[in-house]
Structures are given as C-alpha cells and as structure tokens.
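Okay, so here's the structure we're looking at.
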Amino acid sequence: MDGLFISFEGPEGAGKTTQIRRICEWLDHQGISYIHVREPGGTRIGNEIRELVLRPDFDEMSMLTEVLMYASSRAQLVGEVIMPALAEGKMVLCDRYVDSSVAYQSYGAGVSLETVLTINEKATSGLTPNRTYLLDISPEVSESRVRARGGDKDRMEQRDSSFHRRVREGYLELSTRYPHRYMVIQGDQELEDINWQIKQDILRLMS
Ligand SMILES: Nc1ncnc2c1ncn2[C@@H]1O[C@H](COP(=O)(O)OP(=O)(O)OP(=O)(O)O)[C@@H](O)[C@H]1O
Ligand SMILES: Cc1cn([C@H]2C[C@H](O)[C@@H](COP(=O)(O)O)O2)c(=O)[nH]c1=O
C-alpha cells in the first residue's frame, strides 16, 4: 500500500523545518516509517541545483530557467526518492513541493500558471500530496524571522516585500482552490500548539 505524502508550505521563516523536525521525532517514537526531504534538494543532483538556483549573484537568471531548475530538482527527487518511498509504504514529509513553484514563480514573479503547472505535471508525473500544511505568516513576521536568522540573503530572500506579499496571497488562494488537501495553520502561534494540530491531523489521516 502506498504511504502518505505530506508537504509543508509557506513563506520564508514560517516554521516548516522546525515543525517537520518535531514531527520526525514524534514518528520515531511511534515507530512509524517515514522519510524527510526538502526542495530544492534531497538528492545529489538536487543539492547542486539548489546551490545554483539560490546563488545571490545570479541576477541574470531568466524566469523560465528558474522554473525549470526547481522542476528539475523536483523530477529527480520524485523519481529517485519520493516514489520509491511511497511504494514501500513510507510516509513522506516534504519541505516545499510544486505549490512553492506556483506561489513563488507564478503568483510572486508572474510566470503564467499554465507554464508552471504544465512543466511540473511532467516533472512529477502528476504526483500530488495527500495533505499540505500551509504555515501562514505575514510578510512582517517573515522578514523579522529571516533577519533574526542572520547570514546573507539568498536570491529569493533578496526579492522585495511586494513579491513576498504576492507569494503569501498565492498560497492562500491555493488553499481555497484545494480545500480538501490544504490545512492552513497560523504560523505565529506557539510552536507546541502548531505541532499538536499537525499531529492530530496526521493521526486522522492514518486512521
Ligand atoms: N511558531 C514559532 N514561533 C516563533 N518562532 C518560530 C516559530 N516557528 C519557527 N520559529 C523560528 O523561526 C525561524 C525560522 O523557522 P524555520 O527555519 O523552521 O522556518 P522555515 O519555514 O523552514 O524557513 P525557510 O523557508 O526560510 O527555510 C527559526 O529561527 C525558528 O526557530
Ligand atoms: C521548491 C521551491 C522553492 N522556492 C524558493 C523558496 C525559498 O525562497 C527557497 C528555498 O529555500 P528554503 O530555505 O528551503 O525554504 O526557494 C521557489 O521559489 N520555488 C520552488 O519551487
């Protein structure tokens, strides 16, 4: 039987990685078999693509190149890691997936929805998550968390506040378009409260 495929989405600093780590610890305790991957990345090839697509000095990168790079990393991840894990009945926790391309490259940067969806349909062979947790935070909270994290901003983090506002709106639109797949969680709640909501939902999905 195929395992559950779960994606985590949201703006920069929304808390995806933090929540996934806690869910992994919980799944370990429960003895539930899972894998945890992130995008872009998750494979040798994907990790190389990640370095390229996020390089802050690649100003000349065209939007089509950007869409194709995220989709290339995804195609490799789906074929090499995600599909085999699901076929073995493992749960897959994915830190970002196709909806990131829709939110960032389409809503944020203006690439047509049709282009992003067509390319990603090919890249994923149509594989869609069973559940998507959208950790929703305002651009102000996002900005302050990214600033507190320190370090240099990557190519996406460098984009202006209107871009990040459109990304957030894009995610919220996706959540209304796919209400059965999406669960929207306010990302500025206490870590433990968010974690509890996700765990309860995973238990429901597994029952
Ligand atoms: N609910 C929360 N309340 C306060 N701070 C939080 C919360 N969740 C996460 N953080 C903090 O916000 C920062 C970003 O969290 P995290 O790396 O998990 O976000 P992310 O969504 O994975 O970010 P990115 O997409 O940029 O990689 C971290 O410093 C983390 O400790
Ligand atoms: C998968 C995917 C990601 N992005 C953007 C979103 C973030 O700015 C970075 C990834 O960094 P993170 O620390 O792992 O969140 O890439 C995108 O624009 N399009 C995508 O498809």
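Every residue gets a Cβ built from N, Cα and C, even glycine.
Features of the protein shown, as given by TrEMBL:
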BINDING   Gly10, Pro11, Glu12, Gly13, Ala14, Gly15, Lys16, Thr17  ATP binding site
DOMAIN    8-198  domain 'Thymidylate kinase-like'
Item to check | Output field, ATP shell: CB within 8 Å of site CB centroid, site Gly10, Pro11, Glu12, Gly13, Ala14, Gly15, Lys16, Thr17 dropped | outcome: Leu135, Ile137, Ser142, Arg145, Gly187
Item to check | Three-state secondary structure, which DSSP defines for Thr17 (ATP binding site) | outcome: helix
Next on the checklist: Within the domain 'Thymidylate kinase-like' (8-198), what mean pLDDT does the predicted structure show?
Outcome noted: 97
Checklist entry - Taking each of the binding-site residues Gly10, Glu12 in turn and counting other Cβ atoms within 10 Å of its Cβ, which one has the fewest? => result Glu12
Checklist entry - Under a criterion of Cβ-Cβ distance under 8 Å and sequence separation of at least 6, what residues of the same chain contact Gly15 (ATP binding site)? => result Leu135, Ile137, Gly187, Leu191, Ile194
Checklist entry - For the binding-site residues Pro11, Gly13, which one has its C-beta crowded by the most other C-beta atoms within 10 angstroms? => result Pro11
Checklist outcome for this item: Cβ neighbour count (10 Å, all chains) around Lys16 (ATP binding site) is 23
Checklist entry - Using DSSP, would you call Gly10 (ATP binding site) helix, strand or coil? => result coil
Checklist outcome for this item: Within the same chain, the residues at least 6 apart in sequence whose Cβ is under 8 angstroms from that of Ala14 (ATP binding site) are Leu135, Asp136, Ile137, Ser142, Gly187
